[in-house]
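Undergrad: So TrEMBL lists these for the protein:
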type   : residues : note
DOMAIN : 11-143   : domain 'DUF5069'
Amino acid sequence: MINFAEPDLTQHPPRSPRARLGGFAQLPRLLEKARATLAGKNGEYVYGAMMDRQFFAFTGIEAPALLDAVKTGKSDSEMLAWITEHLQPRRTPAEIAQWSAWLESFAPGSASGHSWLAGKIAGYGPQRDDIRTYCDHLDLDDYVSFGGRG
């Protein structure tokens with residue numbers, strides 16, 4: 001059984017980057033990675049990785065501050081209230097929705113980014129032509145990492 005208060009990401013992946021909390025894409029995944037990191041059970045998952053940094057840049061919240069708030073044992077809804085209180089600048093629901101839609105479509109922009117993603121896709125199988133965004137990659141990587149076939 002999954003312990004959401006202290007997830008073990010060596011046994012299961014975090015939630016999809018597409019999952020939302022308070023309209024924020026990536027936030028449920030970020031919170032699970034934070035909780036797992038604090039418990040020493042983050043496995044291959046890195047708190048503060050690229051998609052996390054996109055969240056921090058949008059919200060103006062620092063990664064260590066969020067981790068400190070998670071340490072207090074707050075639930076997802078309590079963390080959302082904390083995040084809402086600490087947003088810099090304040091964001092409207094429409095801005096959050098627009099940013100989340102952007103994050104879901106976020107893809108490599110540089111040649112090196114495209115090359116990196118192409119290498120990952122090749123590892124899943126050359127027949128995959130549907131992996132275009134970082135969210136696509138993360139969802140597939142989570143699936144394959146826990147026994148799924150790409």
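All positions are counted from 1 along the displayed chain.
Glycine is no exception: its Cβ is also placed from the backbone N, Cα and C atoms.
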Undergrad: Averaged over the whole of the domain 'DUF5069' (11-143), what is the pLDDT?
TA: 96
Undergrad: In the domain 'DUF5069' (11-143), how many residues does DSSP assign to helix, to strand and to coil?
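TA: Each residue of the domain 'DUF5069' (11-143) counted once, the result is 80 helix, 4 strand, 49 coil.
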